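TrEMBL annotations:
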type: ACT_SITE; residues: B:Asp68; note: active site, proton acceptor
type: BINDING; residues: B:Asp68, B:Gly69, B:Asn144, B:Asp145, B:Arg155, B:Asp174, B:Thr185, B:Gly186, B:Tyr187, B:Ser188, B:Leu189, B:Ser190, B:Gln244; note: NAD(+) binding site
4 protein chains.
Amino acid sequence: MPTIGIFVNLQKDRYLDVTRQLVDELTHQQADFYLETSIAAALQIPEFGMEEEELYRNCQVLMALGGDGTILGVARRAAPIGIPIAGINLGRMGFLTEIEIGDLKKVVRQILAGRYEVEHRMMLAAKVTGPNRPEPLEIQCAMNDLMVTRHSVNRMLRVVLEANNGLLDRFSGDGVVIASPTGSTGYSLSAGGPIVDPLLPCMVVTPICAHTLHSRSMVLSRDEEIRIRAARPEEAMLLMVDGQESYAIFPGDEIAVARSPYEALFLRLQARDFYSLVRNKLWEWSQ
Amino acid sequence: MPTIGIFVNLQKDRYLDVTRQLVDELTHQQADFYLETSIAAALQIPEFGMEEEELYRNCQVLMALGGDGTILGVARRAAPIGIPIAGINLGRMGFLTEIEIGDLKKVVRQILAGRYEVEHRMMLAAKVTGPNRPEPLEIQCAMNDLMVTRHSVNRMLRVVLEANNGLLDRFSGDGVVIASPTGSTGYSLSAGGPIVDPLLPCMVVTPICAHTLHSRSMVLSRDEEIRIRAARPEEAMLLMVDGQESYAIFPGDEIAVARSPYEALFLRLQARDFYSLVRNKLWEWSQ
Amino acid sequence: MPTIGIFVNLQKDRYLDVTRQLVDELTHQQADFYLETSIAAALQIPEFGMEEEELYRNCQVLMALGGDGTILGVARRAAPIGIPIAGINLGRMGFLTEIEIGDLKKVVRQILAGRYEVEHRMMLAAKVTGPNRPEPLEIQCAMNDLMVTRHSVNRMLRVVLEANNGLLDRFSGDGVVIASPTGSTGYSLSAGGPIVDPLLPCMVVTPICAHTLHSRSMVLSRDEEIRIRAARPEEAMLLMVDGQESYAIFPGDEIAVARSPYEALFLRLQARDFYSLVRNKLWEWSQ
Amino acid sequence: MPTIGIFVNLQKDRYLDVTRQLVDELTHQQADFYLETSIAAALQIPEFGMEEEELYRNCQVLMALGGDGTILGVARRAAPIGIPIAGINLGRMGFLTEIEIGDLKKVVRQILAGRYEVEHRMMLAAKVTGPNRPEPLEIQCAMNDLMVTRHSVNRMLRVVLEANNGLLDRFSGDGVVIASPTGSTGYSLSAGGPIVDPLLPCMVVTPICAHTLHSRSMVLSRDEEIRIRAARPEEAMLLMVDGQESYAIFPGDEIAVARSPYEALFLRLQARDFYSLVRNKLWEWSQ
């Protein structure tokens, strides 16, 4: 039986009700499991606590209670280690959370028995180099997207994009978002990008509020390396990872975005229809 | 040495100047070649004439003089037989024409010597079935796109799209266009679809003027079969192939669109940068 | 008391239930009213029948039972005569239908007592001239929009638009739609146009699936005259009025679109919030 | 003869060549004129220097040398005092700069002789109130637009928009831009808004990267007051004026945007075709 590591988004399970339910079920089925130290303490089972770092190192399956945002963070950490994740949905319907609360009991049994498939999802990586960086900044894994925007409030950024064969596009605007197929339904969609089958081997490059009116969303092979820089060398920018982590980009820096060597692994416990998820989300968003 | 079949778009080579140049060069290099009967007659070399049908059957390489539109037509016919095409550009810059007139001499030598690569491009197929069709209508090959629109002038069509896993989308509008990766820079782009790497294994589904405002362009795996029908069973529609051939769709018909078993084969005589073509075309279009 | 003329969309009141209810109420309140001859016959009150033409000439208020489509047709006929219209909603929520069935009794009393306001809505007019027209074709009134599209199935139309000061825009695509402010929430919205306050003195010009990617929707003063012609003089086009009536546009024709000298008059029986209508419609459309 | 006040964008006239040319011409024509103290000093004519504040108070016509950005700043200051502005174009073609360098001589003569028209352009105003503001923050004049965006890097803002009649729209995204008709060709256009006749009495409200996919650009009457607030009361935002000045919006603040009581006054020295400017700009942007 795999050792289970449990992550909890406290904002979504404020009183730890669902976490306790999960813990009870795992105990009942005599599973090995651990939670973050603070959560274990709050549940008064400190012997099941482990530092975050340790959880990633010592568990064979991760269960994450929260919404898509929670899963994004766990996925970026779990991917380089190669541990699969099962997302338990505590919010509105999500693209990455697989399990509904009502199914906890059944699901725990399935996971412990190894009755699941593992879906591999492509991730993105970024490497930032520049005259003021003795060492490049490396982002190993982004699940949904990498976004590059102006750093200051001055309105327009002029961006140069290159790919394997040279110049890709050049435009003025608020910035550019490069999404994995999984991320096509995230910020990329708001910026005008298409909805992409999550298993298609590609990246989606979409200008954000381009003033260069002909600029369009582009779907590239995942084997491209996309280099991004400001046309004006004195311009600082901002790099955001999954909309959650931000990094300063110094004048003269170049950001190289490519497929990550790591993949996110998600437990699949049942057949899933991506397009039905999309329809439901679009519906939800239209309200 | 391969036997060369030559197709000419008479509107683009009105006085057959370029055709004559090509014929001279082929003669000079002692190649076997044929033209359509009428063109051979006009050039006063009737012995080099052949019926269109025969050209496809008896040649090993096709040379098509014209623009992208000319190539589309030849590609649909050549794909099932598996003959590669070399497009000679007589118009504005094109996505499918490989050869500029100034390079004719050099190019003929390359082709006769077999010094070229063959690029395989995915095509689409369609099968239309319905209560009033004893036999299904089969479209073997579409190079760029299949478009389904309202048949009459009454303004809005309600379309239902299904894919392998069931319902894909349902929307009201002018219709829907399904493009191959190659066709992503054609009509699909005008309808709001993304620019797609021509070698990506996918199809692009884009609603045309959707009144259902949340409908978005979708990039699907090329292994999907997309079924299209009118939500109102009494509604007739129109199916267009590459914007060149049109077919009536009767009330109650269903159109199944999938990857074609055939591929278009294009001669590549030099390295080519797709995104530089795109930039130049967008530039041209913006004028 | 005003004489009431009643128009019925038979597809929306198949068994004339609502019509009968209205007739009963009018009779009960001793109003003068007339219906189309065939409707009156079906209700077995032939003495209240009148030819369509006569209804427009002899009534002081029109009541139209149906949806927005029904109102569009009545509005085009009623505007030149200056009769106000009260739309009774038999379909889904509409932008032009004011009255819900449940309010019929109250509403009839209001109308007979003259307790209402009249809202004036700008309409469009078109004049088509050309070498093959001894007489220009004149469209006096369009309520929502005038749309010019390619006539045949060949894909792309090149359109030239001129306004008072000369060239406005020039683009390739499926056509162009010119909407009144009222029509901004109709087809114009699907083509990418903005939502416009129905009382703003303007016209909205929106390219349909422009291949010239920079083309944008334009909101012009209602005092502009917009002239539309095909860039290629041999090209035939199609002119559609409110998506309901279509006219052939011959090669060489020019279509001049301007504000109509007539206005549609709608009865307002209560305060109305346009943007709440919009939100509800967008919601409905997103389903 | 009017007293002329001269503003110079030093980044566009680095060596003051054009400024000197203008000063020479004004001297030659014996005009009264003043420049900012530092510019006058640099030109070694300190007796023609005046503090910025004084220039606005003591001149009857302002000449601004620079690009559209320069004019925006001068327009915001000049409008409440009611002085007309003549923009001299030192950059690429602009929407607000009227005069080309080659015409300086002629233009100075025209201005001194009073041979010009004054075009009145609507401006926007904003008033920010909230629990943590003893005094409201008042923005008297924005020439192009007011933009409200998220303050921090967390990705999505949920915005509530109300107008005179109550709720206008509610959506998630990067923010919202409210443009004057003049500003419709600025940032508003990048965000998907329409091009609007600069003299149309309206405001253009456009969501920025809305995740609520049905949200559309809206053209409202200039008599609306639009109230903007974050749906989550704890959310801070940022208010930008003409993309040049930024203000922090505290949690709980409400921003009321309306027509400014002041108008920008621009000298018109010749007939101008707005749509020809638009075409040229779109063309320029597409490069």
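Our numbering is plain: 1 for the first residue shown, then up by one each step along the chain.
Placed from the backbone N, Cα and C atoms, the Cβ positions cover glycine too.
Unlike curated entries, TrEMBL annotations are predicted automatically.
Since the structure is predicted, the reported quantities are computational estimates derived from the model, not experimental observations.
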Recorded positions among B:Asp68, B:Tyr187, B:Leu189 whose Cβ lies under 8 Å from any chain C Cβ: B:Tyr187, B:Leu189
Sites among the recorded positions B:Asp68, B:Asn144, B:Tyr187, B:Leu189, B:Gln244 close to chain D [C-beta, under 8 Å]: none
Candidate with the highest Cβ count within 10 Å, taken from the binding-site residues B:Asn144, B:Gln244: B:Asn144
Chain A, Cβ under 8 Å: which of the recorded positions B:Asp68, B:Asn144, B:Thr185, B:Tyr187, B:Leu189, B:Gln244 qualify: B:Leu189
Between B:Asp68 (active site, proton acceptor) and B:Thr185 (NAD(+) binding site): CA-CA distance (Å): 12
Integer Å distance between the CA atoms belonging to the residue listed as 'active site, proton acceptor' and B:Tyr187 (NAD(+) binding site): 13
Euclidean distance between Cα atoms of B:Asn144 (NAD(+) binding site) and B:Asp68 (active site, proton acceptor), Å: 10
Count of other CB atoms lying within 10 Å of the CB belonging to B:Thr185 (NAD(+) binding site): 24
Around the Cβ of B:Leu189 (NAD(+) binding site), the count of other Cβ atoms that are within 10 Å: 26
Assigned element (helix, strand, coil) containing B:Asn144 (NAD(+) binding site), judged by DSSP: coil
Winner by Cβ contact number (other Cβ atoms within 10 Å) across the recorded positions B:Asp68, B:Tyr187: B:Tyr187
